[in-house]
């Protein structure tokens with residue numbers, strides 16, 4: 001099926017069809033462009049959404065801890081990756097589909113214009129041939145009529161007896177002239193007709209089929225290009241499906257990682273104050289003064305009774321405000337020293353335990369005025385002043401903060417110790433090889449490192465003392481709580497946020513500081529004589545004599561074990577297979593570390 005043979009007379013129709021094909025191509029390109037804009041806007045909105053709900057981590061305390069929060073932030077990260085894949089889709093469509101379509105549309109327009117111009121030129125040439133043939137035909141027809149008129153005039157004069165011989169001769173010459181001109185126009189007309197027929201046959205069987213064939217091939221290539229773009233459009237989406245599936249799987253895994261038990265435990269760990277709940281209030285026997293006789297009412301007894309009544313009234317006023325988290329009342333009197341249990345006799349001679357009012361009054365004061373309490377902790381959350389020893393926090397939170405600080409200080413101490421060791425090694429190398437450097441230049445840095453180590457050790461000791469104080473107070477509080485649960489009468493001592501006290505207010509009982517042995521760990525580390533494990537191997541590029549103490553001689557091409565990397569001093573610690581160890585210049589060897597030790 002060919003356009004040249006089937007559509008030889010449909011030049012205008014093919015012109016319109018090819019123009020429609022290019023318009024459709026550009027329309028599809030516009031569709032792809034709008035799809036790209038949608039993908040880009042979608043990805044942009046997703047990124048803005050992720051940015052809006054991602055936490056602004058200004059400090060470590062604000063990092064998410066609950067599994068539900070961590071899962072949500074993991075979902076946000078996966079969503080951000082998903083947005084990135086939408087951008088990849090947009091870029092792939094823009095490069096592979098839209099850009100290709102626009103370039104191809106421009107080429108199609110140029111090619112179509114060229115073919116149509118060739119068709120119009122062929123048509124114009126055929127029209128010109130037809131006009132020449134038609135003109136020769138009309139001229140031949142006109143000359144034939146003139147010759148016919150000349151013949152009729154000659155015959156009339158020849159038959160007319162009155163016509164002169166000259167008129168007849170003249171008419172005969174005119175007839176011969178017209179006949180000759182008619183014969184010439186006849187020959188010209190025949191030639192033009194033959195030429196037109198040849199050009200017409202060439203036009204409809206050679207030129208036009210060739211032009212139409214090129215237009216057909218162009219239109220078929222346009223159709224194939226559209227098919228390829230359709231496939232590329234789908235492939236751009238299909239390429240990112242595996243990564244998008246991984247993003248969705250990550251969201252599902254994040255959802256499965258939510259652990260409600262762990263979150264509940266985190267709430268306990270975050271807000272546990274370490275305080276014990278208030279104990280049971282003892283029974284206060286107000287009927288004792290009824291059984292006293294008048295003989296017992298001495299002046300001292302009256303004073304004691306009046307003192308008891310004042311204490312009772314104080315207790316009575318305080319009973320309405322015994323809530324642990326209530327507002328701290330202003331102290332009405334200086335703190336009273338608690339007294340121990342005393343015995344009282346009954347008329348039948350038996351003794352029973354009675355509770356003095358003063359311990360009860362002290363317990364009430366301790367509950368109301370003791371610190372730290374939850375309101376102060378809330379004031380800290382609102383931006384209250386923070387103390388160095390975290391005494392503004394409840395005991396449990398204070399213990400955690402102190403432990404975190406001790407761990408950070410220990411890491412800093414370990415770093416400074418490593419730096420000190422490296423400086424000492426470098427100093428030894430400089431002393432043995434003065435040409436490598438001046439040992440005195442390292443003294444300021446060593447002094448600074450020693451000062452940092454001393455400062456960190458003091459900080460660790462101070463924080464460990466505070467930690468021991470908190471742990472000691474917690475243990476004493478637990479013992480006191482256990483004792484109170486047994487006798488249900490009164491506690492045997494007094495407690496304050498600053499420490500634990502016995503009955504004697506002047507004697508302070510503090511828990512002994514618990515040393516965790518951080519310094520001994522560093523000493524043991526430096527004094528460890530066990531052979532170090534090999535972390536890689538090396539090959540000697542150049543020979544090294546190793547005359548100095550602590551160095552290891554080696555030959556060119558010799559293979560050694562690496563047991564300690566270069567820490568910046570230009571020396572690497574190596575070991576032979578026979579166990580001999582020493583330092584070799586790092587620039588003299590080609591080091592190959594094991595994969596498992598590269599990250600250490």
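Using the three backbone atoms N, Cα and C, a Cβ is placed for every residue, glycine included.
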(message) Can you identify, from 85-129, 130-174, 175-219, the stretch that TrEMBL calls coiled coil?
(response) 130-174
(message) Tell me which of 476-530, 531-585 corresponds to the region 'Disordered' entry in TrEMBL.
(response) 476-530
(request) Can you dig out which of the ranges 364-398, 399-433 TrEMBL describes as coiled coil? (result) 399-433
(request) Could you pull the average pLDDT for the coiled coil (130-174)? (result) 86
